[in-house]
Structure formats: structure tokens, C-alpha cells
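Engineer: Please see the structure below; I have some questions.
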Amino acid sequence: MTRVIVIGNGMVGYKFCEKLVAASSKGDFQLTVFGEEPWPAYDRVHLSSYFTGSDVDALSLAPRSWYEENGIDLRTNELIVSIDRKLKQVLSHTGKVMAYDKLILATGSGAFVPPIGGVEKKGVFVYRTIEDLDAIMAFGKKARSAAIIGGGLLGLEAAKATMDMGLNTHVIEFAPRLMPRQLDAAGAAVLKSRLEELGIAIHLNKNTRKIHGNGKLTGLEFADGADLSVDMLVISAGIKPRDELAKTCGLPTAARGGIIVNQNLQSEADDNIFAIGEVASCQNMIYGLVAPGYEMASQVVNQLCGKTSRPFLGFDMSTKLKLIGVDVASFGDPFGESAPSRTIVYENKRSGIYKRINISPDGKRLLGGVLVGDAQAYGMLLQMTQNSMPLPPNPEDLILGSRGGKESGGAGLEGLPAEAQICSCENVTKGDICKLIENEGLSHVEEIKSCSKAGTGCGGCVPMVNDLLKMQLKTLGRQVKNNLCEHFPYTRQELLDLVKVREIKTFDQLIDQFGQGDGCEICKPAVASILASTWNELIIRQDTIQDTNDRYLANIQRGGTYSVVPRIPGGEITPDKLIVIGQVAKKYGLYTKVTGGQRIDMFGARVDQLPDIWEELIVAGFESGHAYGKSLRTVKSCVGSTWCRYGVQDAVSFGIRVEERYRGLRSPHKLKGAVSGCIRECAEAQSKDFGLIATEKGWNLYVCGNGGSKPQHARLLINDVDSETVLKYIDRFLMFYIRTAEPLNRTATWLNKLEGGIDYLREVVVNDSLGIAETLEREMEFMIQTYACEWKEVVNNPQLRAKFKHFVNDDEGDPSIAFQEMRGQKIPASW
Amino acid sequence: MSAKLEKNQTTANSQPTTWFKAAPVSALPENGGACIKYKDLQIAVYNFSRRNEWYACQNLCPHKMQMALSRGMIGSQGDEPKVACPFHKKTFSLKSGKNLNGDTCDIATYPIKVEDGYVYIGFEE
Ligand code: SRM
Ligand SMILES: Cc1cc2nc3c(=O)[nH]c(=O)nc-3n(C[C@H](O)[C@H](O)[C@H](O)COP(=O)(O)OP(=O)(O)OC[C@H]3O[C@@H](n4cnc5c(N)ncnc54)[C@H](O)[C@@H]3O)c2cc1C
Ligand code: SF4
Ligand code: FES
């Protein structure tokens, strides 16, 4: 058994383990991995997403159990401090000594911190690990402004992060332009103005000389004498390979850092030692990207397993910047310097788009280029460059796109050779993916990702994998199939049809007849929604298939209490009802807040208090607001013609009518509506699933908009229709959506996937091209007629009421609930 | 935080010395869970009526220390019975207590039996 030790459990170190496990049989190797960080290897490329989720697990490349199951001894939180090459053993900071036959150095790199006076001050950070981000987040809470030193790839990502934290953000770049390694001057200028529009201040040609502050930084001083006062600094000025171990044991390192290795990634000084990833210096190059690191890992695995392995001869450094809100990509030879070339440039200053391609003098091959503002073509252009594909007769079409007429549509995917590398991180070719689709019957991007690993690295190729999947399925004449989960081999739409046709009323009937196993947290709520949208029966009769919120008819909060949101249709409320809300909140000690949906939320109720609270609200004339359900939430209104000097229709009255029409309607995701009294649009109807804007003649109906994390404007479905007609169209539209959408797809997402888009939708809803309008209206009429307030039923039914208890064997409430105070109200104790 | 966690210790694989008479079967929902109080412990009890099996585990979700698992949805992954925490949908095996979709630490599980219409949970005192 060969003893292999890997130092460094980062992205490349992990990839090495994964590949070695896959390529060898149990017993060939005894693998030990040392990682300095406290957690198993995680996805550093998507580190910035930690800002939104703060979930280490979500970034993890594999759980600890994976290492265990594969017989790998993973030792996190353990730093290797020296290597004894004579005895072939390593020493960790805990004093542990361990011997190896082969040693893999995958120690990556750290942030390069330039020698500026004052870098040790409080408030100065680097951007490399989860711990760095924790520190930045904690400090950022108290800061108002931040500067980033370095206007490269990572610096800009850090800038976006501090901007999202609400800080005034400055980027300081030494060079005369942003991303000097990837962009030319014109492209960088466009990027600069786009970032300035986003609110990021850019300072070029700035050499930071000193960091001011007494213990904690207060500002920066530049070589040109200028000053900038900031509360926080993130240094992102490049990387520095962690070659310190190699140095102390006498392995040759490069002048600019990095362990010198040959084409086999082996140190010339010791052929039992390999270096891979960002710490390896190969032909005097350090590769600061994952794809080349992964390629190195696989080369070394092949050598250890005695398989043929290609020598490592450099790697393409094309990149696409993610996350920043502006598309930026650079591929092949971006500057056209490596060979004689001709350059074609397209620039639109108004819309902030810059595209450049460099082609060979004979106009036959693409050598590289730069894209700013619109990088949609990146995947395809990169492929053309790497595969020397023939160019169209007018190469400018590549960046100008289809001028006039319909989109040229995926131009070139078919033309790609089978050996074209689609995913460079995992080295997966077009041929590999097509074979999986054809031979293994894969029909889902997630399946392709897990079988081939394509798209699991930097994720840049996922759109292309998606297109490839669609293309291949079409060629094979197969349909794209989205099975709900392991328990049902059907799509949501198929299950809905089965429920209707077979008159299935319960989850158990459905899983007995058409499914397998016991169900799960994915299929249960989806089926619950289908049953509710079809039969409209009281949902808590089958309470255990509902998501928690629907099970207790209230939204669960941090700490395990619930919120209470009565319906306030159209946002209109009488003073008397306002008083009742105040009295109830006071009596039960609830926190109150006006919501973003024009109503009032009362937070902090224990589960056993919910029925009592609702009883009092119902007596006062309130009903459930369904804030907990995947169902209609609110229909926002503006005062409209009753009070407003511009209003042309009575938006409040109509808003109330619409809200009461669809209240309680269950759907694949939540639904929101709005009614504005005139074109000034104070009710924001164009950001709702369905929105009405009053005109002199009636209403304009907009559909499929939403706010949330991916805001999308609603699209005009029809204009100037009267009140009765517009309700008819909304009936049809909502029912068509309920019938055909996948679980948890809002209307906007659904529309984006609907072939034919808004034009097709208009055909179906307005022109009844499918001949189903009458059925849809009838189904909606049934839902409207059978509506009943769920809370009213619970309050009046002792059996249902009994479900609202914390302990089944004790009347006490949950003793672990704890609150603290804030601005005179209570909030949950922090978690 | 760890003090909260250490309260619950798995006894599923050992010989319980005490069988606590928790509640009548009728008090527990079918194919779902509820919470039982035993001294200062909170135990989640699940009735898998479809497979005629019962499981018990700690009510505390180790992810964000929420007393919530009894309110989670139950189901299966392959043959493994599991529960999904209502807060962030971490799922745990009710046999091994292992977190099935992440790296959160194991939950404690308890032996459980039904006799004469009553549910009993086993503890090691
Ligand atoms: C209370 C409220 C915030 C507030 O204090 O104002 C709120 C609170 C929550 N929102 Fe919201 N949203 C509230 C208005 C909004 C709005 C504004 C609006 O409706 O005009 C939006 C953007 C508009 C939109 O939805 O298109 C909004 C977009 C979201 C989203 C993102 C939806 C998306 O499609 O991307 C979620 C997440 C989800 O539903 O998956 C969400 C989810 C939630 C949840 C349910 C999260 C959860 O599961 O616990 C919060 C529960 C609150 C509770 O426990 O009661 N909330 N949420 C607002 C309640 C409105 C109401 O009266 O019902
Ligand atoms: C914010 C950010 C965004 C990025 N975006 C992209 C991108 O879009 N595309 C792209 O291709 N690349 C990107 N990268 C770069 C990419 O993350 C790295 O190329 C990749 O992580 C390199 O992997 P590695 O294993 O060589 O090094 P690392 O992932 O740094 O892993 C090295 C590990 O070894 C540990 N270690 C070091 N010394 C020792 C020791 N003596 N004992 C024990 N453990 C030790 C370190 O703590 C570390 O955990 C990004 C990087 C960052 C920080
Ligand atoms: S949209 Fe604005 S201006 Fe028009 S009626 Fe409403 S409040 Fe008045
Ligand atoms: S608290 Fe249970 S999953 Fe987060």
C-alpha cells in the first residue's frame, strides 16, 4: 500500500482526493490529508456567496462523511510545519509525525499584501477564506465605507461584496486601468463607467503609500499626496503562493514564488514530491484559477496509478467575471499581441457595451477577445478560439449578433467538434456530455452535473451545458423531463392531471398508486399544493404533508414562534380594525410592523397561542391573510380616483375586489397583485405576478413580474379592457399557470421557460388558441366558490384546535423560547 | 450552545433502563411528528404509519439550535427514514441520526415502542 500525504485541503487538494478515489481500488493507497482551515475543502470560487447565506455546508465540496467512507484520513485544523525529506515524513503543529511514500503539496496561495505602512491596523482585511469573510462581515456592520486595494478579478468581487453590505465602496488600482491583465484600455473604461453607475468609486493610477489611523485605520494616503478616509480596507492585490514549507526543506522555488515543478508536476529535487494548484510554478507560471489546478491533480493521479498521463504544458487563462452586476469576459489572447492579428471592435457607450475580437490576418481563425457589458457569447467564442473553428464570412457578426430578424439561435453548438472542451474545470467535452444524454438517458442538467462533473467547478459553462442538453434532446426526439423527486416518476403537471382524472384526494392515495417510498420534503408540499389547487379542501386536514408554515397556518420565525398576518384587502383598513390589531398585539405581547405588502404583521406568538389570537381577530371581522401559503398574498392598491387628483379609476375598490376574488388560492409559488389608479403607477403593478394600471378606457393588464432576488418587470398582456373582461383574463392566466408551472416557480420564471414566451401566453389567454379558456374559467369559479377562511374553521373546530400545542403530553409552551428587547418591543434572542 | 447539544445523548442502540410512558397513540398525528416532554428534555416522536414504524430523536435541530424537529416533514431517502427541519430543510436519518444533506452534527435518537395503545420512549438513566 502506497502512503500518500496531501498537504492542503483546498479546492485542488480535494480534487486530487476525489480523482484518486475514482481511479484506484481500495487498498492501493493509504491517503492522509492535512488542512489548516477548520472545515473540509470548500468552493473558494463561490466564496462571495457566503455573504448572502453564511452557510459553510452549502459551499462544502464534500462532507466529512465522504472522506470517512472513502477511507481518507482527513485532519482539518492541522498545519504542517515541516517536511523531512530524508526520513520522508511530515510534522504538524500538534506534534504529529507521519511518514509518506508520495507527498502532494497543494497548499495554494495566500493573499499578497504589499509592504504598505500600517497594514497591521484594525479594519484591514484580505479576501481569501471563510474566516476572512466572517471577519469582514462582523467589522462591516459598524463601518460606513470601504476601500479595496486592487482592481483585478478578485478586487472587484470584494468590492461588490462590500457594496452589497451597504458600504460606500472605493476601488484603488495601481495600473492606469481596471483588470489590466484581462482587459484592454477601451474595455476597462467601459467597465469603469458601469461600475461607477453601480455606485462604486474607482481610483486609477493610485499607489497607496500609508495607512492612517491610531490602532484602527481611518484612511489611506497615496503617493501623489491625495488622501481618502475610509473605515475599512480589503487588500486584494494578487496572490502569493504558500511555498514556505518547500523553502525550508530545500525544494527549489521560483523567484516570484511557487514550487518549481517539471511537466510531470514533480519537483526536480525530489521525485517523491509533487506540487499542484496555485502553489505550483510550472514553466515559470503560477495559475491562479481552478481549472488548471484540477488538470494538474488529474495528471498526478494518473501517474500514481500508472496510467498514461499527458505532460502539463500550460493552460488557457480565459475568464468570465461573475457576480459583479456587469458581464466581463476575456478569452484566448485578449490583446492580440501573441501573433499578427486584425481587431474588430464594437462599442456602445450609452448602453455600456464593449466587445473586441482578434482574428487571424486571413480572417479564418479567432485568436481571442474581450467582452464587457454583454458576455452572452463568451462560451461560444471561447470554443471557436480553442477549436480553431472556421469563422462566418463576416466575422463581425460574432459580436454584433443578429442584426434584424430573429435570433440566429445557438449558432455553432452543432458545429462544435465532439472533442471541444465544454467544461474546462473538469475537462468534459461535448462528446462526453452528448454520450451521457444518449446512452444513459440523462435529461436534466443536475444529472449531467453529477455524472460528468461538468459545471461543478466555476460554473461558467452551465448555460452551455443547458443549451447542449436541449439541442441533444431535440436531436434525439426526446422530451425534457422534470421528475418531482425520487418518490414520483412524474412531473408536477403530470401529477396534477392524475389527481384530476383519478379524483385523488390525499397524498397517501397518490403515493400508493403512482409513487414509491414515503415521500419527502420536496414532493409532499408540491402534492399538497396540487390537491389544494384542484379540490380546495381545508389544507390542515392533511397537515403533515404541508410545509411547516402551512401546517400551523402561520410563518415560523427564528426561535420557533410564529407570525400572524390578517388579510387587509387592498391595504384599506378602518380605524376600528386598527384598534383591534393594537389591542390583540398588546394582550399577547406581539411585535408589530407594517409589512411591505400594505398590511400589518404581528410577530412572536407561541404555537399554542395562535388559535386564541385568531379567535379574537375573527370576531372583529378579520380573516387569514395567507402570508404563510404558496397562495395569493396581497393585492396592493393606490388611493386612485377616490382621492387622488390624477386617478382615472377607483383603484382601491378594484384592488379589494381582485384580492377577495383570489384569496386563499393555492399555487406553485406565492402570487402577488396590484392595482394602480393611473399611469404614475404608485402601486407598482409592473412588479407583480399580475398587475393592473388604470387607463381612461379601462385597465392595462401586466403579468409575470416579481421583486425578490431576481427582479423582473411584468409584461403587458393586453391593454384597455373593461373590469369584467380583465378579471376573466386573470382567471385564465392564473389557472393556466397553476396547471403548468413546476413547483416553486414564480410566474416570471414560468414565463421565461414557456416556449413562445409572452406572445404564446397571450394567444392562450386572450385568443384561446388551445380552446381551454372555458375550462380554466370554470376551474377558477370553483375555487372562488369553495373558498373558506382556514383560521375560521380551525378556531371553531376543537379537534383541529388541539393540533396547536407544543408538547402532546403537557400544556406548557416551549420553555426554550427567549426574547430580548429592541426599541420598546420584543424580538427573538439571537441565534 | 454545546451545553444545549449535550443534553441529548443517543440511547437508541443501548438497553434502556427506563421506559417513559409518553402519550396515547391517538395523540400523535399519522405520518408525522409531535413533541414530548420528558423531565427537561424535548423529544420528537414520529409515527410512520405507512410503514408501521416509530422513531424518536431530539427535538433540537443542531444547525441553528432550534426546538423544531418535531414539526418537520418526515419521509424517506432510499430506505432510510428521515425528517427535514422546518427551518432550513436540513434532513436527518432517524436511524443513525446523521445529517443526510450536509455536514451538521448527528442528532440523538431514542428507542421507542408501542404497547396497549401507548407510546414509550427508552432512556438510560
Ligand atoms: C413581512 C414581510 C416583510 C416586511 O416586514 O415587510 C415579508 C416577510 C417574508 N418574506 Fe417577503 N415579506 C414581505 C414582502 C415582500 C415583498 C414586497 C411586496 O410584496 O410588495 C417582496 C418582493 C416582491 C415579490 O415577492 O415579488 C418579498 C419577497 C420575498 C421573497 C422573494 C420572492 C421571489 O420570487 O424572489 C421571499 C422568498 C420566497 O418566497 O421564496 C420572501 C419570503 C418571506 C418570508 C415568508 C420568509 C420566510 O419564509 O420566513 C418572510 C416571512 C415573514 C413572516 O414570518 O411573517 N419574500 N417579500 C412582507 C410581508 C408582505 C405581506 O403583507 O404579506
Ligand atoms: C474570492 C475568490 C474568487 C475566485 N474566483 C475564481 C473564479 O471565478 N475562477 C477561478 O478559476 N478561480 C477563482 N478563484 C481562485 C481559486 O479559488 C483558486 O485557484 C483555487 O482555490 C486554488 O486551489 P488550491 O487548492 O491550489 O488552493 P486553496 O484553495 O487556497 O487551498 C489550499 C489550502 O491549503 C491549506 N494550507 C496551506 N498551507 C498548509 C499547511 N502547511 N498545512 C496544512 N494546510 C495548509 C490552506 O489553508 C488552504 O485551505 C477565486 C479565489 C477567490 C479567493
Ligand atoms: S397612481 Fe398615483 S397618481 Fe395615479 S391615482 Fe394612484 S396615487 Fe394617484
Ligand atoms: S435550524 Fe434546523 S435546519 Fe437550520
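Cβ atoms are placed via backbone N, Cα and C, with glycine included.
Sharing the record's features from TrEMBL:
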- A:318-381: domain 'NADH-rubredoxin oxidoreductase C-terminal' (DOMAIN)
- A:422-470: domain 'BFD-like [2Fe-2S]-binding' (DOMAIN)
- A:557-617: domain 'Nitrite/Sulfite reductase ferredoxin-like' (DOMAIN)
- A:629-765: domain 'Nitrite/sulphite reductase 4Fe-4S' (DOMAIN)
- A:Cys638, A:Cys644, A:Cys678, A:Cys682: [4Fe-4S] cluster binding site (BINDING)
- A:Cys682: siroheme binding site (BINDING)
Engineer: Using a 10 Å cut-off on Cβ-Cβ distances across all protein chains shown, tell me which of the binding-site residues (A:Cys638, A:Cys644, A:Cys678) has the largest neighbour count.
Structural biologist: A:Cys638
Engineer: Write out, in the order they occur in the sequence, the residues of the chain not among A:Cys638, A:Cys644, A:Cys678, A:Cys682 that have a C-beta within 8 Å of the mean position of the C-beta atoms of the recorded [4Fe-4S] cluster site.
Structural biologist: A:Val639, A:Gly640, A:Tyr646, A:Gly647, A:Ala651, A:Ser676, A:Gly677, A:Arg680, A:Glu681, A:Ala683
Engineer: Give me the mean pLDDT over the domain 'NADH-rubredoxin oxidoreductase C-terminal' (A:318-381), rounded to a whole number.
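Structural biologist: Mean per-residue confidence for the domain 'NADH-rubredoxin oxidoreductase C-terminal' (A:318-381): 85 out of 100.
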Engineer: Long-range neighbours only, meaning 6 or more apart in sequence with Cβ under 8 Å: which ones does A:Cys682 ([4Fe-4S] cluster binding site) have?
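Structural biologist: The list for A:Cys682 ([4Fe-4S] cluster binding site) reads A:Cys638, A:Ser676, given in order along the sequence.
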